[in-house]
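Heads up: the structure comes next, in structure tokens.
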Amino acid sequence: MPIITLPDGSQRTFDHPVSVAEVAQSIGAGLAKATVAGKVDGKLVDACDLIDHDATLQIITPKDEEGVEIIRHSCAHLVGHAVKQLYPTAKMVIGPVIDEGFYYDIAYERPFTPEDVAAIEQRMRELIDRDYDVVKKMTPREQVIEVFKSRGEDYKLRLIDDMPDEKAMGLYYHEEYVDMCRGPHVPNTRFLKAFKLTKLSGAYWRGDAKNEQLQRVYGTAWADKKQLAAYIQRIEEAEKRDHRKLGKRLDLFHTQEEAPGMVFWHPNGWTVYQVLEQYMRAVQRENGYLEIKTPQVVDRVLWEKSGHWANYAENMFTTESESRDYAIKPMNCPCHVQVYNQGLKSYRELPLRLAEFGACHRNEPSGALHGIMRVRGFTQDDAHIFCTEEQMQAESAAFIKLTRQVYADFGFQDIQLKLSTRPERRVGSGELWDRAEEALAAALESAGLPYELQPGEGAFYGPKIEFSLKDCLGRVWQCGTLQLDFNLPVRLGAEYVSENNERQHPVMLHRAILGSFERFIGILIEHYEGAFPAWLAPTQAVIMNITDKQGEFALEVERTLNQGGFRAKCDLRNEKIGFKIREHTLLKVPYLLVIGDREVETHSVAVRTREGVDLGTMPVEQFREMLAQAVARRGRQELE
């Protein structure tokens, strides 16, 4: 007689093993109809699964996050059902859930086309309209093998070989179609109406380019059509903001096949890059950092000492010269330790904060490259703080404060923090880890910031804090990192003389705020849709004459602004003023200055914003002061 305890503490007693669906029915017909699955003693199970013991039960519906994940997973199986009906010779591979959607990898004799995707989606809708039950059968291993052998599903057989310890497996039947899965899945296709197939891409079996190529059909699914419509609107907005499209339209940068994963910065984009670098340089100088520059090509001996050669060599670009092996640095840390090691340090010299705008290269897979967001050549706002154990908390707190200030200057207020603690495999004593984790937690708490704890997610050499930004579309971007390291100073012989005149290894704090300049600029482009705040805009003001008579004064205004440290340019083309205003509005120049005869006479400019707001006519000096205030506000003006 199982006693079922529900989330509100109420209990229900049954005189026989009972399914999740039956428990839901005993509560109410409405809940039974909405039941997707259950969570028994904290474990997700199918609605049809029996409970034969006293247990806690949470009914899972589409309103729950787990319910939406189950809907997405079941939609992937529905893709399989539709594909096998339309293309019977296709071989189904795997169909997992991903962030906000799902995909299915498929082997087929020809590439799918957009028309094929439309046909698959239409067939899926027809199958949903049949309102059929999805039937789960736990099946002995040998029978599972026979099922997929008889259907010619070679990839499923290979996946079964990967699970030698599984004696029985869940088979889920969508009418005549069958798929293998741990589940759970929806009990009926009526839950799958709010879906859409989104794109096609290539993939490889087991993710290895040496293996056979597959086709990947992506889709998204939601609890209801309202959520689906909101998602589609968000995706359309994100496409409008795609940094690759805006990068071309605003003449910021380009990439090309001859240099995959490398960025060709154009004058406009390089201006943004330089403003970013100059800003970070000033911020770091004000906060006690010493800027250094280290080599890009370093002998493998150093990478062997640091451990990178053994653990990271496949991601490093290497070369050989005069019988010596070299690597282009994928990160700056070992080189920074070399600078620290020049001369024995005293505890009085700590903390020592070494910063570098370090150019790094990593041999990322070509399929992973994405505009300037995921590249092979990038520059980090990298710094390493060498300090004593006693200084860990103060240095961490100072960095957290600095990071929040920097993000606010770029217009980001919604910051998410995660604290990752010790993994099972690690270096350093338990006491050292205790102190390090306590230092990071105390630093976060002293800043009054909420954070998510991620037990076991730290690196083997120390705990870390991750800083993520939420942009205007609600997307979360992990950018900043504060990583404590007990390992590298030991491996590379970094020492200092303590107060007791003993040699000790410093703690090393790896830290970055932006992450990489390239990716951060990509985030800024998409966040602002290319309409950078005045302080970042490649051109802050454009001066336009109405006729040739005002050309000389327009050039004088340009000189005045540029000599004042601003970025202004003239547009003296013999075009209608409306045409010029529209063109520079599309180029997202913050301020558009129009000069006619009256402005020449009064030594003034008529000022418009790119949003079309008429700020009126004002003396040049007044505009200069207004622009100076806008630049000084940085991105914080977007928060007011």
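FYI, residue positions are counted from 1 along the chain as it appears here.
The backbone N, Cα and C atoms fix where each Cβ goes, and this holds for glycine too.
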Identity of the Zn(2+)-site residue among C181, C333, C570 (reference: H384, H510, source: Swiss-Prot): C333
Three-state secondary structure, which DSSP defines for C333 (Zn(2+) binding site): helix
Those binding-site residues listed as H384, H510, and which of them has the most Cβ atoms within 10 Å of its own Cβ: H384
Spatial neighbours, same chain, of C333 (Zn(2+) binding site) - Cβ under 8 Å, 6+ residues apart: S306, H384, D485, L488, M508, H510
Zn(2+) site shell beyond C333, H384, H510, criterion: Cβ within 8 Å of Cβ centroid: M331, N332, H336, V337, D382, A383, Q483, D485, L488, M508, L509, R511
Secondary structure content of the domain 'TGS' (1-61), with strand meaning DSSP E or B: 14 helix, 24 strand, 23 coil
